[in-house]
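Trainee: Below is one structure. I have some questions about it.
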Ligand SMILES: O=c1ccn([C@H]2C[C@H](O)[C@@H](COP(=O)(O)OP(=O)(O)OP(=O)(O)O)O2)c(=O)[nH]1
Ligand SMILES: [Mg+2]
């Protein structure tokens, strides 16, 4: 599905792309004039230079990259981040350094991945009671207990 995209300051940055034939996500790159040094537990908002126009009925999710998480302890704080179909601003990524050491993010680093998905909007039908199910109100680890 083609969607409108604009990328700024992209001289050395390709448009995000699927890395393999069946990849769900496209990696997003940091668009930085200088590296960001993140202390342990520090968070920051990283620009990507990317602006997109999603069709109605779609969202984009910003998700962490597992490699960055396992190697450097860097993840997205608000995962999954939500890009609304009516958002026309720059896509930015909220990263946090959960490692004990300082971590550096450089211009062009692949910092997160974006997954485009269809979404439903719902309307409410106020009800006095809800249908009974096997689970009913059980949750938070209630299954498997004798
Ligand atoms: O990781 C993210 C999350 C959000 N956004 C942008 C797109 C999204 O459409 C907008 C609002 O995001 P969200 O609804 O998560 O934030 P909010 O705190 O509820 O802000 P708002 O009141 O603007 O909705 O910010 C990003 O660029 N990156
Ligand atoms: Mg919001």
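Here the Cβ of each residue, glycine as well, is placed from N, Cα and C on the backbone.
These came from TrEMBL, pasted as-is:
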type    : residues                   : note
DOMAIN  : 14-144                     : domain 'dUTPase-like'
BINDING : 65, 66, 67, 78, 82, 83, 84 : substrate binding site
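Could you place the listed features in the three-dimensional structure?
Mentor: Under 8 Å, Cβ to Cβ, and six or more positions away along its own chain, residue 84 (substrate binding site) finds 54, 59. DSSP classifies residue 84 (substrate binding site) as coil under the three-state reduction.
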Trainee: Should we count any of the binding-site residues 65, 82, 84 as near ligand 1, judged by a CB under 6 A from one of its atoms, and which?
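Mentor: Only 82, 84 qualify.
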Trainee: For the domain 'dUTPase-like' (14-144), report the average pLDDT of the model, please.
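Mentor: That stretch averages a pLDDT of 96.
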Trainee: Over the span of the domain 'dUTPase-like' (14-144), count residues by DSSP class, listing helix, strand and coil in order.
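Mentor: Across the domain 'dUTPase-like' (14-144), DSSP assigns the residues as follows: 7 helix, 47 strand, 77 coil.
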